[in-house]
Amino acid sequence: MQKRAIYPGTFDPITNGHIDIVTRATQMFDHVILAIAASPSKKPMFTLEERVELAQQATAHLGSVEVVGFSDLMANFARNQHATVLIRGLRAVADFEYEMQLAHMNRHLMPELESVFLMPSKEWSFISSSLVKEVARHQGDVTHFLPENVHQALMAKLA
């Protein structure tokens with residue numbers, strides 16, 4: 001039986017930190033679903049369709065990754081995808097409390113859903129999509145933090 005895991009997030013846009021996490025997840029699970037949340041309340045820079053396309057391009061080299069957009073409750077989405085593992089990235093201790101609350105709620109809603117926390121590699125531990133966008137808005141060089149296709153799309157959005 002295939003072990004299916006979901007790595008959810010807004011991914012606005014997907015960064016090399018996200019790619020690091022999903023790449024390592026593919027080494028642990030047979031199939032990884034990169035689940036891109038619609039998240040309209042976060043007012044994303046990129047549309048859901050754009051974020052899905054950018055993530056598909058950025059993960060094309062990872063054969064066991066499927067990129068899917070969603071707007072459902074995570075536990076319902078996981079159940080519909082026949083996934084029993086939820087992958088979450090932890091950059092700092094500050095992330096842990098919120099992630100623990102989410103994990104407990106998801107476990108309440110779907111008892112068979114296990115949360116697995118991965119720390120990004122050291123070089124990506126301080127970046128976030130929000131930080132990358134903010135630096136780029138002020139003409140800072142964010143080339144190192146994004147896949148090439150995502151960097152081009154971000155620069156086009158900010159032009």
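Note that Cβ sites are derived from N, Cα and C of the backbone, with glycine treated the same way.
Fair warning: this is a prediction, and the values are worked out from it, not measured in the lab.
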Candidates E97, E99, the one Swiss-Prot lists with T10, F11, H18, G89, L90, R91, W124, S125, F126, I127, S128, S129, S130 as binding ATP:
E99
Per DSSP, to which secondary structure element type does L90 (ATP binding site) belong, with helix, strand and coil as the options?
coil
I'd like the Cβ neighbour count for R88 (substrate binding site), meaning other Cβ atoms within 10 Å of its Cβ, all protein chains included.
21
Would you give the longest CA-CA distance, in whole angstrom, between residues of T10, F11, H18, G89, L90, R91, E99, W124, S125, F126, I127, S128, S129, S130, the set recorded as binding ATP?
19
